[in-house]
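Asker: Below is one structure. I have some questions about it.
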């Protein structure tokens with residue numbers, strides 16, 4: 001079995017288990033949906049579709065799980081010897097998790113910043129730090145493509161489109 | 001029909017709507033050019049802007065963005081071998097070798113002409129087919145609609161490519177599950193809100209679309225370091241060569257463009273198939289029709305190999321509007337997002353749309369034709385300049401796209417909880433993409449979830465809880481049988497090795 005096939009199988013295994021767990025959790029939550037008196041005689045209630053969907057989710061993820069395990073076993077028994085003989089050069093994908101985690105943290109900060117610092121400061125910081133995180137070091141870009149752009153955007157929103165952007169709550173606290 | 005066409009023309013040629021077509025095509029071309037960002041992301045990014053417009057202008061803008069994005073994807077395929085979206089992957093097969101030979105200008109011009117042909121022919125077909133289908137579907141009942149939605153969802157799963165069917169079905173179910181979050185529209189009961197007030201209204205489709213497409217695609221590009229690779233691979237787009245196409249070349253590719261346009265339209269009409277499959281099929285068909293000598297040119301810069309997918313993907317884009325406008329059933333991720341936008345406008349696409357909102361119905365169809373002309377005018381003289389936009393550093397573009405995606409959602413609700421939700425869905429989408437789960441079925445399931453539940457509820461109440469509504473009316477029975485056949489098609493495919501080998505070539509990741 002080649003490396004991509006093996007990778008695909010483990011991906012399917014993880015995926016099916018995740019969906020199975022999610023469907024089970026969803027099914028449990030579906031049973032907690034409140035029902036009105038007499039709902040048991042109704043052909044369709046608020047629970048009907050969620051319960052049907054959770055059943056489908058469980059069945060489909062089990063099908064994927066069984067299919068994956070079956071393929072895996074068949075291929076393992078056939079090629080186990082071959083694999084031992086051949087030196088498998090697993091090429092690890094070169095993922096940049098560090099930058100992605102920084103961007104996600106930045107987005108979360110942006111949500112907090114919008115509430116406490118207001119649109120202009122939060123967005124300027126978001127853009128400038130975003131450029132920096134992605135490797136931009138030119139000051140002209142870091143500052144030139146953040147604050148002026150944000151001011152222009154803010155002007156268009158508040159003055160041209162008449163959209164009210166509340167100032168940050170921090171400024172309310174400070175008086 | 002003539003009255004409708006006149007209504008459509010009078011609405012579509014309003015200065016504001018012509019402006020929308022122009023802006024849509026321009027912005028779509030630009031966003032589509034950015035590798036990784038497809039038409040779904042392009043439309044999602046434009047939705048917040050369309051909220052301030054009237055429905056006809058809004059949908060015209062989005063339609064312009066759609067075919068602009070498809071063409072933009074071709075530009076980056078040809079110039080830097082980085083398809084902007086899955087439907088333009090095939091364009092790179094022959095377009096990029098042409099660019100390497102110094103014929104980028106000719107490849108771009110041919111792509112523009114082919115797109116124009118595909119778009120125009122399919123717009124004419126749409127003009128005829130849509131009202132016919134809409135008049136037939138006026139007699140549809142809840143059971144038929146439910147059956148149609150089942151068909152649409154199963155078709156998307158069935159067309160997902162080899163080994164992806166179960167995953168696509170799981171994603172559809174996940175989309176339907178997400179659509180049940182919030183207050184039940186019929187009983188008023190809260191479902192899956194866990195006492196959180198912010199979840200009572202459910203999850204907005206704009207939030208989900210932005211998070212799973214725009215945000216996730218950009219973050220995935222960063223994760224794979226594509227933003228760095230593209231800058232390394234950047235070619236000099238200022239020297240694209242002559243854009244002239246000789247009469248012999250036009251003669252050679254004209255039949256290809258016509259054939260592929262018809263094929264593309266038919267594939268586009270099928271729910272779930274979409275532009276990607278249309279492009280692959282047209283390329284395969286053209287290769288099969290070519291002589292042995294011509295066949296060898298495919299993959300090395302064949303004109304027919306470039307024109308076939310380009311005509312087909314544009315024709316399929318228009319074709320995919322047929323089920324959306326006439327039945328209210330989106331056949332792809334892109335039309336699913338348009339359905340969501342139309343519902344937000346208070347317009348329910350489907351057979352009643354022709355009666356209730358004829359101006360929107362016809363103006364969208366007419367604007368498609370205008371859009372194709374605009375694309376041609378825009379692309380031929382401006383492409384050398386537009387292609388320079390590919391030189392904008394990704395270090396600037398990525399945070400900008402993230403900003404537009406987040407702000408687009410925030411400015412609708414002014415609730416920072418939506419940003420947290422976006423980040424959560426974006427992370428989930430990245431995980432699912434890494435596990436090779438397709439995203440389009442999720443969006444389709446989510447958009448159709450509410451409508452599907454309403455129709456199922458009505459059908460079950462009418463039939464007093466019996467499932468006999470699925471086969472009592474002939475039309476429902478036929479649609480359900482079709483759905484069953486579509487669902488079983490991947491299983492049956494295993495019994496026919498010939499068709500199985502063909503299907504492996506069409507491993508479309510997303511039915512855009």
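One-based numbering along the chain as shown.
Glycine is no exception: its Cβ is also placed from the backbone N, Cα and C atoms.
These figures come from a predicted structure and were not determined experimentally.
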Asker: Have a look at B:203-223, B:224-244 and point to the one annotated transmembrane segment in TrEMBL.
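Answerer: Range annotated as transmembrane segment by TrEMBL: B:203-223.
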Asker: How about the transmembrane segment (B:12-34) with the transmembrane segment (B:360-383) - do they touch, taking at least 3 C-beta pairs under 8 Å (6 or more apart in sequence) as contact?
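Answerer: Contact confirmed: at least 3 Cβ pairs fall under 8 Å.
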Asker: For the transmembrane segment (B:360-383), I need the partner stretch with the highest count of C-beta pairs below 8 angstroms, choosing only from B:40-67, B:107-130, B:166-183, B:262-283, B:395-412.
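Answerer: Answer, by Cβ pair count: B:107-130.
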Asker: Do any residues, 6 or more residues outside the transmembrane segment (B:262-283), come within under 8 Å Cβ-to-Cβ of it, and if so which ones?
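Answerer: Long-range Cβ neighbours of the transmembrane segment (B:262-283): 70, 86-91, 93, 118, 121-122, 125-126, 129, 151-152, 154-159, 298, 305, 308-320, 322-323, 329-332, 334, 486, 505-506, 508-512.
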Asker: Thinking of Cβ pairs under 8 Å, which stretch from B:40-67, B:107-130, B:166-183 has the most of them with the transmembrane segment (B:395-412)?
Answerer: B:40-67
Asker: Quickly jot the same-chain residues contacting the transmembrane segment (B:40-67) by Cβ under 8 Å, restricted to those at least six beyond its ends, or write none.
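Answerer: The answer is 11-12, 16-17, 20-25, 27-28, 31-32, 115, 119, 206, 209-210, 213-214, 217, 314, 317-318, 321, 333-334, 337-338, 341-342, 344-347, 357, 359-360, 363-364, 367-368, 371-372, 374-375, 401, 404-405, 407-409, 411-412, 440, 443, 512.
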Asker: Which sequence positions outside the transmembrane segment (B:327-348), separated from its termini by at least 6 residues, show Cβ-Cβ distances below 8 Å to it?
Answerer: 38-40, 43-44, 47, 50-51, 55, 58-59, 62-63, 66, 133, 137, 140, 145, 148-149, 151-152, 155-156, 205-206, 209, 213, 268-275, 317, 320-321, 356-357, 360, 439-440, 443-444, 446-448, 451, 510-512
